[in-house]
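> So that we are looking at the same thing, I have put the structure below in structure tokens.
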């Protein structure tokens, strides 16, 4: 208990943030020095690593994100197995930063989402909202001998929120500008957009998931080209989008739903990819044309969401992009064309590595959980109140 009190009272902490997203490509780990809280928080990133999932682990996770193929036994074992992977990632990023793991004060571990059900639904006579992220925080804390904050989404769901997106707290702290409105777009498996008016207060922030980013593109790359992703967007660049199919796709139920909203594999997973492929084949599209259409779907759905749900209230002066999608040159070109004349820039222009942003976010959320600082934003998630996010797991003596 004395150690926990000392951790709470300490303003400056060495924190590792861990993020494994819906793209299922592996775990990102960022080691960062954090000091202060809220708008006074200062951040000094020291190292970042990406640890790819072994093929067998990735395939097992993917199998267990599908209700038709998941099993309780597999999910239970994955909860422990992923904690071991996360422990290795902490060791790797500490080595990359050339620091002893014993100097790490805290770990923030998002976990691997296998199911996210933010809309209330009946469960044995009671409506509930629910989410499940694997990578047991107590197992991780025990392996590392370091306190771990995990289970970040449950408190917001308990307050009637979507439990997502959570990155907007980080966006506000790191990117709010006094004299311009900014859009922060993260292109992971899912695309999420944060809108920061000039000098944004917490209640001014708006954010939501716009739809798929890399999730559909990567699935099509696997199906059409036997590749984990479309490198640099080269297959999409070699094709021509089918605008009639694109128009049909943009009429999908999720795109028509008003914020606050969040999404994942339930909406844009294997079943969605099957339907898209079927529609492409009925139009006799080539693999390259199919990839071009799916890539444009990401860019067009982001812009459509901005035009419908953001611009009428708050136009942005620039769009700042992060996540794995920044490496897809075709996707970035399509975004630039859609948002012209608004400039599209990577977060690296502002001192935050695009691949590291989400891992840094969960380091910050863990740091603020120990501070007792509320980090959900009801204007974003729809929750009824603000609350600290995350549960603290502590190692044994």
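Cβ coordinates are placed from backbone N, Cα and C, and glycine is handled just like the others.
So Swiss-Prot has the following annotated:
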- 21, 22, 23, 24, 25, 26, 27, 28: ATP binding site (BINDING)
- 373-384: compositional bias 'Polar residues' (COMPBIAS)
- 373-397: region 'Disordered' (REGION)
> Which Cβ among the binding-site residues (24, 27) has the fewest C-beta neighbours inside 10 Å?
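Ranked by other Cβ atoms within 10 Å, the binding-site residues 24, 27 bottom out at 24.
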> Counting across all protein chains present, how many other Cβ atoms fall within 10 Å of the Cβ of residue 22 (ATP binding site)?
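A count of 23.
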> Tell me which residues of the chain lie with their Cβ under 8 angstroms from that of residue 25 (ATP binding site), as long as they are six or more apart in sequence?
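When sequence neighbours closer than 6 are ignored, residue 25 (ATP binding site) has 50, 52, 53, 58, 218, 228, 229, 324 within Cβ distance under 8 Å.
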> Tally every other Cβ atom lying within 10 Å of the Cβ atom of residue 26 (ATP binding site).
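A 10 Å sphere around the Cβ of residue 26 (ATP binding site) contains 19 other Cβ atoms.
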> Around the ATP site formed by 21, 22, 23, 24, 25, 26, 27, 28, which additional residues qualify by having Cβ within 8 Å of the site's Cβ center?
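Neighbours found: 19, 20, 53, 112, 188, 189.
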> Would you find the one among the binding-site residues 21, 28 whose Cβ has the most company, meaning other Cβ atoms within 10 Å?
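Going through 21, 28 one by one, the largest Cβ count within 10 Å is at 28.
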> Helix, strand or coil by DSSP: which one applies to residue 23 (ATP binding site)?
coil
